[in-house]
Amino acid sequence: MSAHPPHHAAPPTGRTPTVRAGGSGAATTGSRDDDHHDRRPRDGRRRSVTVVVLAVVAVLLALVAVGALLPGVPGLGHLGAQASAWAVWLAVAGLVVTLLGAVALLRHGSVARVVVVCAGLVAAVCSVVVVTVQLRVAQEHEVAVDIAEMFRVSQDRRAHDVDVTYGEQDGVPLGLSLWLPDGGTGTSAAAAPVVVLVHGGGWTGGHRAQAGTAAHATWFADQGYLVASVDYPLATATTPRWDTAEAQVACALVWLGQHAADHGGDPGRVLLAGDSAGGNLALDVAYRGAAGTLAPACEGPVPPVTAVSALYPVASPVAFHDNPDPLLGADARRYAETYTGGTPDEVPDRYASIWPAVHVTDVSPPTLMVHGAADHLVPAAGTQQLGDVLRTHGVTHDVVLVPAADHVFDRAPGGVGTQVWRELTARLVPAS
């Protein structure tokens, strides 16, 4: 009887055994699939949030850009007019948003993606329109605008070179800062024209070294001018300064007449310039000086003003006080009443005294006034009316309205309005 040999297991072949359903391998594979499926909803949610945020940004850009073209709309028009000085950047932002929205729309259609594209296009187109009409004004006045400069975001300014005290008011010293010509070297062989800057601030604030004034001072000094920026007594709720501010600016001119040559300046060529309330002071002092009715607060002759240039000036104090703007009208009234000590009905003689048009004569100096057409704080109508008075007297003058621009449009260091004002001002009294 034969015995059967025992059955032995087959030797290993080196192959990985197949794991059937229910094994640990299946669990691992399923876990990976679950993670993959979990990530897709999360990625989709992130993309949706990104698109919504982009849509909000696009709509805001569009509203601002549209507001620049509709300055009469309260709130929206104020925001747009202020932003118009940076219209080139609004256009760039609008184009970027439009491109991002278009890429997203090509991947997957949705209402939010359509909103991004449409709003971005509106922002870009409206901004380009603003830039175009502003450039047209520059072209009409033969100002070659530096396009690259329009994208500048920081002001180029340097500290003053000389600081002096030219006078005092009620025991408080009044200062004057000088920026020497030729980039601060003051080494030009020929005497430089003198640019005198009178800062703005509603007659109640500001100072001679504030950022915008210092930026203009730096620019003019770099063009070869001796630049002086002057302080003057500021009004308070208890102390109006309508009768002292002009006299002190005149006193600063007296000091310059005596000392400008010591710093490379020509006191026989004085260009008086100011912005906002400072523009009002510059116009009044220039016209009263020419008319022989200017009384400085200190002893000495006032050098004649060769020309006067004003940025968005308070050319009509009464119109400024009566500004009907729903947002800024109250500020205008407060500034005017603090400076004069009352309303036009209460102190009409004071308002007449600080109204430049009253002091215009046939011998008034050449005048430049550059004003934002959408100025909500200081309406441009007053500047246009003063232009009419100058025309009646045969005074050489130029009134430039910058489309869509609001008050202090020169806060954009390379904006069209900034470049136009600087170039036209320099033409009044060339540095060389």
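Heads up, the Cβ atoms here are built off N, Cα and C, so glycines get one too.
The feature region 'Disordered' is assigned by TrEMBL to 1-44.
If you look up TrEMBL, you'll see 31-41 marked as compositional bias 'Basic and acidic residues'.
According to TrEMBL, the transmembrane segment annotation covers 49-73 (among others).
Within the chain carrying the transmembrane segment (85-106), a Cβ under 8 angstroms from the stretch's Cβ atoms is held by residues 47, 51, 54-55, 57-58, 61-62, 64-65, 68, 113-117, 119-128, 130-131, 134, 150-151, 153, 404-406, 409-412, 415, 417-418, all 6 or more beyond its ends. The transmembrane segment feature in TrEMBL is assigned to 85-106 (among others).
Taken from TrEMBL, the feature transmembrane segment applies to 113-133 (among others). Under 8 Å from some Cβ of the transmembrane segment (113-133) lie the Cβ atoms of residues 51, 54-55, 58-59, 61-62, 64-66, 68-69, 84, 87-88, 90-91, 93-102, 104-105, 150, 403-404, 416, all in the same chain and six or more residues away from its ends.
The feature domain 'BD-FAE-like' is assigned by TrEMBL to 189-387.
The active site annotation in TrEMBL covers Ser276. Around Ser276 (active site), the same-chain residues six or more apart in sequence whose CB sits under 8 Å from its CB are Gly200, Gly201, Gly202, Leu311, Tyr312, Pro313, Val314, Leu377, Val378, His407, Val408, listed in sequence order.
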Once the DSSP letters are reduced so that anything not helix or strand counts as coil, what is Ser276 (active site)?
coil
Averaging the per-residue pLDDT over the domain 'BD-FAE-like' (189-387), what integer do you get?
98
Other parts of the chain folded back onto the transmembrane segment (49-73), taken as Cβ under 8 Å at six or more residues beyond its ends:
79-81, 83-84, 87, 90, 93-94, 97-98, 100-101, 104, 110, 112-113, 115-116, 119-120, 122-127, 129-130, 373-374, 376, 404, 406
